[in-house]
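Before any comments, here is the structure.
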Amino acid sequence: MTDWSRLTSRLTQRQQQQLIRQRNTVETAQSAEIISNGEKLLNFCSNDYLGLANHPQVITALQQAAVEYGVGSGASHLVSGHSKLHHELEEALAEFTGRQRALLFSTGYMANVGVISALVEKGDVVLQDKLNHASLIDGGLLSGARFTRYLHNDLASLTQKLQQHQTGQQLIVTDGVFSMDGDIAPLTDIATVAKQHSAWLMVDDAHGFGCLGPNGEGSVTEAGLAAEDIPILVGTFGKALGTSGAFVAGDEVLIESLIQFARPYIYTTAMPPAIAAATLASLKLVQTENWRREKLQRNISQFRSGASHLGLQLMESVTAIQPIVVGDAEAALMLSQQLKAQGILVTAIRPPTVPVGTSRLRITLSASHSEQQVNQLLESLEQACKQFKTTSSRLN
Ligand SMILES: *Cc1c(COP(=O)(O)O)cnc(C)c1O
């Protein structure tokens, strides 16, 4: 018999700390309303910000491409897996982001790990915001470069780290929109500091791409910056675009280097071509249907004003990510369960995803939510908080 005792003790510990994670099995397509484990729930924790994951045109594009190109891509991009559809999507993304070239990756996680580990190595320095996404952190660690984290959105801390670590090439890495807090990085200032130090600058815009900018170009355009200010741009398709995969956009030299040196690009099967076709269809909707961003913005405003009316403590976020920090992991879990009992799905986000003591309900809004559904969320939050206060005072 295999001895699993070190695993069982880690699992027990996680359980005791109220940090064990569970999966909800969803039985319907992504939309404002889903059925999970037989229960009908209003979904307020998906990243399908523009309501495109289940859009008829995106579905049709996927179906038609599957008929013509089949399902599997058969090989990696460098062998025989790079189809015409992948290539068209790369060209569309380069044009949309105003860059020379773009390169597809199968997931955002792989794009981030691939870019960082291809660009820097032992002897270089990676400087990351404390709240950067796990995939960026992992890329930094894997690269072998010296790894340092600056205080969240703190220019003074970033500058100090740049001065402290001056060996080799410096690479500054930040989320455009922070995934667990919803706030936006001060990209203009970061770009200035990067230039002053001749550091490379990479922005992971997983949550800004599609949502921010006049046509959904993302945080860089929203900040009024040009491509040369943010030379390395990563965007993902699993969020606002409603499909799956990711891209890196930038200069010819950057993209050619990634094709040659990014191991998560080279040693993996290309995404199904039909996914590229679906993403192209989705990209067109992102570019042309401004009403989706406007509706999302109205839902965000409605939620924020309603929540502050209820006396809830909101974070500095103008984006679709509207967390309510509860603090304690157990308390966050309890609130999430109380919401679920009222038909609202909002997962509790706990350490190690967020720092200890900042467990939260990560509420996300989408253009697919109606005004009435946002009201329902607010009413349920009010109920859940009342119940929670009664329960916790009984416990104390
Ligand atoms: C979701 C996310 C990723 C990972 O993208 P996937 O395509 O889901 O692998 C990377 N960075 C950030 C900031 C994210 O939120």
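Sequential numbering from 1, following the chain as shown.
Placed from the backbone N, Cα and C atoms, the Cβ positions cover glycine too.
Taking Cβ-Cβ distances under 8 Å and a sequence gap of 6 or more within the same chain, the neighbours of Thr353 (substrate binding site) are Ala134, Met180. Summarising the annotation, TrEMBL assigns substrate binding site to Arg21, His133, Thr353.
Here TrEMBL flags Gly108, Tyr109, Ser179, His207, Thr236 as pyridoxal 5'-phosphate binding site. For Gly108 (pyridoxal 5'-phosphate binding site), the number of other Cβ atoms no farther than 10 Å from its own Cβ, over all displayed protein chains, is 25.
Residues or ranges marked as domain 'Aminotransferase class I/classII large' in TrEMBL: 40-381.
If you take the C-beta of Lys239 (N6-(pyridoxal phosphate)lysine) and look for same-chain residues 6 or more apart in sequence within under 8 angstroms, you find Asn47, Asp48, Tyr49, Ala206, His207, Phe209, Gly210. TrEMBL lists Lys239 with the feature N6-(pyridoxal phosphate)lysine.
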Counting other Cβ atoms within 10 Å, pick out the least crowded of the binding-site residues Ser179, Thr236.
Ser179
Just to be sure I understand the contacts, which binding-site residues have a Cβ under 6 angstroms from any atom of ligand 1? Candidates are Arg21, His133, Thr353.
His133
Spatial neighbours, same chain, of Tyr109 (pyridoxal 5'-phosphate binding site) - Cβ under 8 Å, 6+ residues apart
Ser135, Asp138
Name the one residue among Gly108, Ser179, Thr236 whose Cα is closest in three-dimensional space to that of Arg21 (substrate binding site); these are the binding-site residues.
Ser179
So the record assigns Arg21, His133, Thr353 to substrate. If I measure every Cα pair among those residues, what is the longest distance in angstrom, as a whole number?
18
Residues near His133 (substrate binding site) by Cβ (under 8 Å) yet at least 6 apart in sequence within the same chain, in sequence order, are Asn112, Asp175, Ser179, Asp204, Ala206
